[in-house]
Amino acid sequence: MPKNSKVVKRELDDDVTESVKDLLSNEDSADDAFKTSELIVDGQEEKDTDVEEGSEVEDERPAWSSKLQYILAQVGFSVGLGNVWRFPYLCQKNGGGAYLLPYLILLMVIGIPLFFLELSVGQRIRRGSIGVWNYISPKLGGIGFASCVVCYFVALYYNVIIGWSLFYFSQSFQQPLPWDQCPLVKNASHTFVEPECEQSSATTYYWYREALNISSSISESGGLNWKMTICLLAAWVMVCLAMIKGIQSSGKIIYFSSLFPYVVLICFLIRALLLNGSIDGIRHMFTPKLEIMLEPKVWREAATQVFFALGLGFGGVIAFSSYNKRDNNCHFDAVLVSFINFFTSVLATLVVFAVLGFKANVINEKCITQNSQTIMKFLKMGNISQDIIPHHINLSAVTAEDYHLVYDIIQKVKEEEFPALHLNSCKIEEELNKAVQGTGLAFIAFTEAMTHFPASPFWSVMFFLMLVNLGLGSMFGTIEGIVTPIVDTFKVRKEILTVICCLLAFCIGLIFVQRSGNYFVTMFDDYSATLPLLIVVILENIAVCFVYGIDKFMEDLKDMLGFAPSRYYYYMWKYVSPLMLLSLLIASVVNMGLSPPGYNAWIEDKASEEFLSYPTWGLVVCVSLVVFAVLPVPVVFIVRRFNLIDDSSGNLASVTYKRGRVLNEPVNLEGDDTSLIHGKISSEMPSPNFGKNIYRKQSGSPTLDTAPNGRYGIGYLMADIMPDMPESDL
């Protein structure tokens, strides 16, 4: 306290002493006095407030301009490319409509409770992932750092997919679409179709050769693909400009990036339902295969999809919710966003299989036409007798039903010779059973289907613009999960950090736009997030339930929400979720161990994919991705457990935010100014800097030199005076 304030101090000693006695006698009344007391420092009136109710740090924190903007941000983050190209594949692969039941069960058991937990801690503590877990326990601060590392790994390759979508978007403004037909190759004597394209398909060729110009293995880098390099740069510029002011800039874009995909999906669904074969695709999709539903693999894949669909463990959920008001109903938000995510997945599944049903119908018609012509040739050659063909069937204009009848007759009559005829059954179910996911769905199967659409360039533009928006919505949350914790912890300027983060990511991301870049995308997708995020969320669950205390956390929720949350969450968080997450982690490790580490390489000579194992250095990279992602957890624990680094400056976010003022401005303590009472500081904490908004008490309290354990925080002095005072709430 400055010297010229000592007179004021003496004049107020009696009143202040009485306030201090009240403070020490009753925690609740102390909290009220703490929030309402007014002190005169340097001749100015200042009002002390609780850190939760609006400290200087909190007052400066940005906030969502509306609840709708916040909900759209969470929806945009959780609803991503996986909803469009992974959920439909899993639904088809794991029993069709029957897959929805285990998915819904696991959404209720794992998804909503853990999503609610992340929303709650972010909103209650109002910090990013690093600050939140430092608050719970400084030794567990590595959880937040691990989330940041995983977010960065994912951002590196996720934005590459946005770059691919930008490339296809830019190529969609032409008629016909460039992937509609195979290119012709001319030489001195004649013109012929490109062999690689002829052996595969026009859309497959365009993806692998024109877009990626892919190499034959991960070891053949092949140099940079300049087209994709420019698209990647454009993607990072878009992300940087949208995030440079945090939620103040991204919040405006969220309205478009979150809502536009729904407009496109609904338009696609309406258009697809008007096409031949779309109903066949939807019927095939939702025909339940109950026998598959009981397989353990189905439940494991459903749990994994629930886990990643909501963005658990990334830190983006926590970062977004940290900008909420403390009394926001985050329970409602958790349920609402979770079910919006689920219904988006179902909507995308309807669209995908309506379109694929149309595509299968087109391919099936071509198949029937070609095989009917083959049968007619056999009839002319005498290989097949005309007598076995029903008289009412005209093979020149045969229907699918009549063709299948002829096919079955020939198969019975020519049972021994039938394989040599090389006839195809041409059943639409066989085409629909060809499971496609990921880039194969978006850039090959879907693009092929759109070439048969009337006004195909328009639909192509809409589709890839939708993919860009879905990707950007998820990228906003991912980057927020990186930037917000670092800004909260190290107090750097958000604008500078965002630019550096995006620039560095673009430079590192150049490995993904080599000719072998697609293989690195596969590697990062398989190894950089799955296991690390599971470990992070398990530790989050343990930190809240067993370190902070589940009973205390439930009381915090009651105080924050204004009502007691259902005991259902108590049992889910404490018992069910940890066990299921641990089981999922073990199953994922076992599955990863049983699956040979490798990737599908495009072999130009064969014009097909071939599974290749990673080289030795590739295996080292795979292991390193997992290790580096989880390494912050043990490192931070060891550093803080054994005090290996002087953490007093707060550089490692050592300050936990207990009830009381967080002091930012240092003052000089003189004489019996050492008797100032700040509030309650955890005994695990390094000493904080003293600020000017502080309580005062009479001289005679323990001096700084007598603080417990040789520490000199005023919070320890208060602990000596009243050792039985209970820990404050979150």
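In case you wondered, yes, glycine gets a Cβ from its N, Cα and C as well.
Screening Asn276, Asn383 against Swiss-Prot annotations picks out Asn276 (annotated as N-linked glycosylation site).
Relative to the membrane, Pro62 and Gln199 are listed by Swiss-Prot as lying on separate sides. At the 8 Å Cβ threshold, with sequence separation of at least 6, the transmembrane segment (71-91) comes into contact with the transmembrane segment (253-273) through 3 or more pairs. Around the Cβ of Asn276 (N-linked glycosylation site), the same chain contributes Phe358, Asn361, each under 8 angstroms and 6 or more positions distant in sequence. Each residue in the topological domain 'Cytoplasmic' (356-458) gets a DSSP state, and the totals come to 71 helix, 0 strand, 32 coil.
Comparison of 253-273, 335-355, 459-479, 494-514 by number of C-beta pairs under 8 angstroms to the transmembrane segment (149-169) places 459-479 first. Scored by C-beta pairs under 8 angstroms, the transmembrane segment (335-355) has its highest count with 253-273, from the stretches 224-244, 253-273, 302-322, 459-479, 494-514. Sequence-distant residue pairs (6 or more apart) of the transmembrane segment (253-273) and the transmembrane segment (530-550) include fewer than 3 whose Cβ atoms are under 8 Å, leaving the two stretches without contact. Only sequence-distant pairs (6 or more apart) were considered; of these, fewer than three Cβ pairs between the transmembrane segment (302-322) and the transmembrane segment (619-639) are under 8 A, so the stretches are not in contact. Contact between the transmembrane segment (619-639) and the transmembrane segment (530-550) holds: at least three of their C-beta pairs are under 8 Å, each pair 6 or more apart in sequence.
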